[in-house]
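**Q** Just lifted these from Swiss-Prot, have a look:
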BINDING   C377, C380, C383, C426  [4Fe-4S] cluster 1 binding site
BINDING   C387, C416, C419, C422  [4Fe-4S] cluster 2 binding site
DOMAIN    368-397  domain '4Fe-4S ferredoxin-type 1'
DOMAIN    407-436  domain '4Fe-4S ferredoxin-type 2'
REGION    534-711  region 'Disordered'
Amino acid sequence: MLKLFSAFRKDKIWDFDGGIHPPEMKSQSNGTPLRQVPLAPRFVIPLKQHIGAEGELCVSVGDRVLRGQALTRGRGRMLPVHAPTSGTVIAIAPHSTAHPSALAELSVIIDADGEDRWIEREGWSDYRAHSREALIERIHQYGVAGLGGAGFPTGVKLQGGGDKITTLIINAAECEPYITADDRLMQDCAAQIVEGIRILAHILQPREVLIGIEDNKPQAISMLRAVLADAHDISLRVIPTKYPSGGAKQLTQILTGKQVPHGGRSSDIGVLMQNVGTAYAVKRAVVDGEPITERVVTLTGEAISRPGNVWARLGTPVRHLLNDAGFCPSADQMVIMGGPLMGFTLPWLDVPVVKITNCLLAPSVTEMGAPQEEKSCIRCSACADACPADLLPQQLYWFSKGQQHDKATAHHIADCIECGACAWVCPSNIPLVQYFRQEKAEINAIRLEEKRAAEAKARFEARQARLEREKAARLARHKSAAVQPAAKDQDAIAAALARVKEKQAQATQPVVIQAGSLPDNSAVIAAREARKAQARAKQAAHPMADSAISGDDPRKAAVEAAIARAKARKQEQQAGSEPAEPVDPRKAAVEAAIARAKARKQEQQAGSEPAEPVDPRKAAVEAAIARAKARKQEQQAGSEPAEPVDPRKAAVEAAIARAKARKQEQQAGSEPAEPVDPRKAAVEAAIARAKARKQEQQTVSEPVEPADPRKAAVAAAIARVQAKKAAQQQVVNED
């Protein structure tokens with residue numbers, strides 16, 4: 001009893017809500033075997049024939065290729081495409097493809113050479129000896145994608161399933177009217193399909209493998225049952241004919257009773273589905289080592305004289321296939337790629353066959369009926385009753401027409417499979433599927449823009465965070481660099497500050513000198529001697545090289561002599577015209593001694609310096625200029641008055657002069673004498689004699705004012721003190 005119940009549950013099938021029963025129209029093409037089509041002279045292979053990004057080109061214009069040679073590299077979801085025949089690549093350029101708007105996509109254009117030579121093929125007849133990862137990689141690199149219409153890369157789908165797949169479903173329903181590609185493939189290649197199913201089961205290791213096929217394919221059912229007679233790991237389930245039973249979510253519910261959640265995938269409930277055409281392509285890729293270069297395409301419709309199913313090479317122009325089938329176009333002929341419910345009309349016939357092309361329908365005008373005008377929605381809810389996804393098409397229609405994207409998303413417009421059942425039953429002839437496709441495209445564009453904006457914002461915030469981190473790191477480095485001075489440095493700073501304060505305090509104290517006593521300058525003298533000793537030590541440690549002294553120019557000497565004579569004449573004239581001032585003989589003697597010392601020094605310097613050559617013309621010019629200046633000074637000197645002289649100041653200056661004279665004589669005796677320029681000495685001597693004559697004349701001509709004896713005595717005493725102090729200082733300096 002339990003065994004009978006288990007057997008009953010094993011063959012149990014479920015149903016889904018909605019669905020329609022349109023005319024099947026399959027008998028036009030499923031009665032003839034598969035046949036080959038002659039090679040087209042030119043093939044157009046789009047780089048993107050699947051869901052995902054296009055692969056990277058690995059050929060260039062002018063390359064010769066063989067059938068099965070990879071034209072692109074596949075990484076990740078980038079599925080490679082292969083050459084459908086041998087020939088030459090003549091162009092790599094955009095070309096219109098299988099799209100409702102015939103959008104241009106980058107394509108490789110090949111001129112066939114007619115030889116149809118294959119690449120070297122290496123099949124894995126013992127595929128069980130290879131790992132799961134190696135099999136998946138081979139399937140991916142051989143370009144196998146979902147041939148049921150989605151075009152999802154099979155290798156990526158198998159890799160994503162992982163170990164959570166418990167049920168493998170093979171979709172053999174083929175529910176849309178007119179299409180018989182899978183039906184004919186199962187009738188002619190049932191054994192190869194089953195072998196491909198076993199390879200998929202070996203990769204996924206599911207608990208059960210189910211084949212779902214509609215009951216309107218009796219020949220295909222009988223062929224599969226014959227092949228599966230001895231197979232107990234694969235179950236064939238025959239389901240009632242209802243459109244769209246071939247949808248992934250609908251067939252999953254029919255065979256397992258499980259519903260795929262909104263926004264989810266069948267793998268979320270442990271189910272993975274593959275098409276029978278995909279299973280056949282897997283077998284050829286793994287066992288035979290042949291990449292996917294062709295597929296079965298249904299050519300049907302009353303405008304075709306020889307309908308049937310053919311092996312069409314990928315990249316073959318649609319026009320070439322239709323002409324081979326006896327296409328008889330009318331004035332307003334349309335050609336549909338796909339079925340009448342989910343397909344789209346081609347704008348022209350130069351588009352190529354791709355991996356998702358399963359049917360080319362060329363109906364007559366009477367077959368499709370006259371186009372009817374779109375009317376307003378009457379809210380009859382017939383579309384909601386027919387929807388297999390349990391949606392509300394009338395609400396989605398209003399949201400799509402009113403650009404209310406948020407409400408359309410909230411009503412699960414993404415779950416629409418675009419089966420066309422709602423448009424089929426609509427009494428107002430509203431093309432609901434077109435509205436839904438447009439709305440989903442707009443929502444996808446908005447989401448893509450939001451994603452880009454979010455990525456840009458994330459990059460901006462990351463940059464700002466990085467800049468803040470760098471700024472904080474810089475501030476931390478600056479704070480660590482600003483180290484407080486060590487204890488010994490602080491002690492040195494404190495000692496320096498104490499010395500400065502002590503000096504300031506000493507400077508502010510008043511200096512008191514008692515009457516009749518000399519000031520005590522011993523501390524100042526000691527400090528000065530210490531500084532002088534330090535300076536002499538530095539000079540001894542770092543001797544400086546005397547710079548070479550250029551010789552005197554005779555022209556300059558002549559000019560200076562002329563100036564000296566002019567000054568002498570001026571002083572003589574002043575002495576003759578002005579009253580003479582009294583002259584101090586001591587001061588005159590001091591000045592004479594100073595003049596003699598300077599003369600000796602200049603003579604020594606003149607003896608060691610070479611003389612430069614003198615131009616006589618320039619010397620004469622300069623002498624004339626000097627005489628002119630002297631005459632001008634003589635004229636100015638005649639008009640200037642003389643100032644009176646104070647005898648007390650004269651006495652003080654005489655005492656200071658005597659002290660300086662003694663000091664200079666002592667220095668001259670102890671220090672090496674410097675060379676003296678005789679010309680400068682002569683000039684200075686002349687000036688000194690002129691000054692002496694002037695003072696003598698002033699002394700004779702000017703009356704002497706009577707002086708106060710007390711003030712004179714005080715001045716003389718101060719002069720003697722200063723002279724003694726100067727003499728002591730001189731002795732100290734010599735020591």
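Just so it is clear, glycine is given a Cβ too, placed from its N, Cα and C backbone atoms.
Bear in mind that the values here come from a model prediction, so they are computed numbers and not experimental data.
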**Q** Return the member of C387, C416, C419, C422 nearest to C377 ([4Fe-4S] cluster 1 binding site) in space, with distance defined Cα to Cα and candidates limited to these binding-site residues.
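**A** That would be C422, the closest of C387, C416, C419, C422 to C377 ([4Fe-4S] cluster 1 binding site).
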**Q** Count the Cβ atoms, other than its own, that fall within 10 Å of the Cβ of C387 ([4Fe-4S] cluster 2 binding site), considering every protein chain shown.
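**A** C387 ([4Fe-4S] cluster 2 binding site): 24 neighbouring Cβ atoms within 10 Å.
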**Q** Using the alpha carbons only, what distance in Å do you get between C416 ([4Fe-4S] cluster 2 binding site) and C383 ([4Fe-4S] cluster 1 binding site) once rounded?
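**A** Just about 12 Å between their Cα atoms.
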**Q** Applying a 10 Å Cβ distance cut-off over all chains shown, what neighbour count does C426 ([4Fe-4S] cluster 1 binding site) have?
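**A** Result for C426 ([4Fe-4S] cluster 1 binding site): 22 other Cβ atoms within 10 Å.
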**Q** Out of these binding-site residues, C377, C380, C416, which one has the fewest other C-beta atoms within 10 Å of its own C-beta?
**A** C380
**Q** Using Cα coordinates, what distance in whole Å links C387 ([4Fe-4S] cluster 2 binding site) and C380 ([4Fe-4S] cluster 1 binding site)?
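**A** Rounded to the nearest whole number, the Cα-Cα distance is 13 Å.
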**Q** Secondary structure at C422 ([4Fe-4S] cluster 2 binding site) (DSSP, helix/strand/coil)?
**A** helix
**Q** What is the separation, in Å, between the Cα atoms of C419 ([4Fe-4S] cluster 2 binding site) and C383 ([4Fe-4S] cluster 1 binding site)?
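**A** Pair distance, Cα basis, whole Å: 12 Å.
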**Q** Per 10 Å Cβ neighbour count, which of the binding-site residues C383, C419, C422 ranks highest?
**A** C422
**Q** Would you list the other residues of this chain near [4Fe-4S] cluster 1 - those whose C-beta lies within 8 angstroms of the C-beta centroid of C377, C380, C383, C426 - in sequence order?
**A** I378, R379, S381, A382, P393, Q394, Y397, C422, V425, P427, S428, I430, L432
**Q** Same chain, not part of C387, C416, C419, C422: whose C-beta falls within 8 angstroms of the C-beta centre of the [4Fe-4S] cluster 2 site? Give them in sequence order.
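**A** Other same-chain residues with Cβ inside the cutoff are G18, C383, A386, P388, A389, L391, P393, I417, E418, G420, A421, L432, V433, F436.
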**Q** Could you give the mean pLDDT over the domain '4Fe-4S ferredoxin-type 2' (407-436), rounded to a whole number?
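**A** PLDDT averaged over the stretch: 93.
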**Q** Fill in the CA-CA distance, C422 ([4Fe-4S] cluster 2 binding site) to C380 ([4Fe-4S] cluster 1 binding site), as an integer in Å.
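**A** Each residue's Cα considered, C422 ([4Fe-4S] cluster 2 binding site) and C380 ([4Fe-4S] cluster 1 binding site) end up 12 Å apart.
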